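What Swiss-Prot records for this protein:
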ACT_SITE  TYR102  active site, proton donor
ACT_SITE  LYS173  active site, proton acceptor
BINDING   ARG155, ASP269, 301-318, ASN408  NADP(+) binding site
BINDING   GLU245, ASP246, ASP269  divalent metal cation binding site
MOD_RES   MET1  N-acetylmethionine
MOD_RES   SER336  phosphoserine
SITE      ASP269  site 'Important for activity'
Amino acid sequence: MEPEAPRRRHTHQRGYLLTRNPHLNKDLAFTLEERQQLNIHGLLPPSFNSQEIQVLRVVKNFEHLNSDFDRYLLLMDLQDRNEKLFYRVLTSDIEKFMPIVYTPTVGLACQQYSLVFRKPRGLFITIHDRGHIASVLNAWPEDVIKAIVVTDGERILGLGDLGCNGMGIPVGKLALYTACGGMNPQECLPVILDVGTENEELLKDPLYIGLRQRRVRGSEYDDFLDEFMEAVSSKYGMNCLIQFEDFANVNAFRLLNKYRNQYCTFNDDIQGTASVAVAGLLAALRITKNKLSDQTILFQGAGEAALGIAHLIVMALEKEGLPKEKAIKKIWLVDSKGLIVKGRASLTQEKEKFAHEHEEMKNLEAIVQEIKPTALIGVAAIGGAFSEQILKDMAAFNERPIIFALSNPTSKAECSAEQCYKITKGRAIFASGSPFDPVTLPNGQTLYPGQGNNSYVFPGVALGVVACGLRQITDNIFLTTAEVIAQQVSDKHLEEGRLYPPLNTIRDVSLKIAEKIVKDAYQEKTATVYPEPQNKEAFVRSQMYSTDYDQILPDCYSWPEEVQKIQTKVDQ
């Protein structure tokens, strides 16, 4: 089959400025005709490269660098210079590059963001812009925005309050919207809402790029968020997707519950994490050969991630036929004060739902011995929380214990894959939030740890939601997504210890998630894009961003020769 002809794209830009436009720049892939017509001939070396050669050049530079942070800077500079090449590089080996553009390296990048800030990659909206947020949105050069990732920087990964430095998270997240889900990067907008910071180091740092003040809270904060949501929806439409990211626990659930029925919004820390964790559990059940309702699940952590997973597990149990009250009893949570039980002081409304009749306990090892869970899920960002004794006990209670160490970055993981596999003698069904290398057991068997990365979830969800114009994102979408992800795990993957499809298939996974969301949306009459496409897969695929270069030339074409005949005589 012959390759498709490049898409023709017209621009009024010419000369040097065109080579500085990352949406149009092709570096040495410009043809001679393009260079001459666009007035950039002479600005580039007299060499003509294919995109494959350009990728090779980037990879060579990437591999010569000694630290992941330097590799991150290399890729961010490429994103600023040549957008299509940046995404071609990412998609050429997503397993290799994802840990650089997102977790775990993005955590270090956020800590250093004030030091390495180069140029705007998103909007910085501050509390002092109240009453004028609509005007600030007008500063962004793109008129069509279909997806926004927004944070206030208060709980960046497991690193805490990084204030304005948290901008690295929306930027990295939206890069994965495109690399993993095919969203058009020009239709994506990273946003930081700067309301101050409680981080003393940042407040004293002369290089800090954010507001030097304590965080604004209460009604002033809420009014600010209300104005932001209204301004975004007014400018970009009610079906502009707004993803909340890395908000503090105290705000995350509250804001999700406040906005979920008014706007097209979701919280990835709550719902995305829940979906990928439940996907891992569903895949694990194919190894344990039993049902979700046969499990007793213990969480180390009771923040937004833990509660989000717990709520989605309850939904999955209800779908399996278990009444909600019985489903809740299958789930136990441990927070910083110990086991969450009825009558314990200072329980939030969300935690109260999962409080059971039991004596108070504080020590995690003792709690594991008491509850005897079949599945242990860590989401508290306490590195090493799953001690050797806990792992031994899990293996003693269960033939195939399910152990998920989901905290990010790697330094916050509850245990490593090697510790888990070796202490349980390879019987554990393990997944982690950050990537771990394969582990070879004494018997020669090599196990590949499953990475429960939210990137399996949010790109496909965003692609599906945007494609059919959904105006609300329900929890059922995330349960459906979990089921789709689990279905993509083959028996061979399970034998290798993988609970998730290989990352290099993530675009295909996103396509299947989006296709299912689109099918359900039209069936449930919640889609707003009409007429309804007959072939849903082809429809979604047509929405996906191509990393192939466009042909940037004027639209030239021929007329019939007889029409073009030059008149040489005046008719008498």
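Glycine is no exception: its Cβ is also placed from the backbone N, Cα and C atoms.
Neighbours of the residue listed as 'active site, proton acceptor', defined as other CB atoms within 10 A of its CB across all chains, total 28.
For the recorded positions listed here (TYR102, GLU245, ASP246, GLY308, VAL314), the lowest count of other CB atoms within 10 A around the CB belongs to VAL314.
Note on proximity: among ARG155, ALA302, HIS311, VAL314, SER336, the recorded positions of the record, the Cα nearest ASP246 (divalent metal cation binding site) is that of ARG155. For the binding-site residues ARG155, HIS311, the ranking by surrounding Cβ atoms (within 10 Å, all protein chains) places ARG155 first. Long-range Cβ neighbours of ALA302 (NADP(+) binding site) (same chain, at least 6 residues apart, Cβ-Cβ under 8 Å): LEU333, VAL334, ASP335, ILE340, LYS351, PHE354, ALA380. In terms of Cα distance, the recorded positions that sit within 10 Å of TYR102 (active site, proton donor) are LYS173, chosen from LYS173, GLU245, HIS311, LEU317. Within 10 Å (C-alpha to C-alpha) of GLU245 (divalent metal cation binding site) lie the following recorded positions from ARG155, LYS173, GLY308: ARG155, LYS173. Closest to GLY308 (NADP(+) binding site) by Cα-Cα distance, out of the recorded positions LYS173, ASP269, SER336, is ASP269.
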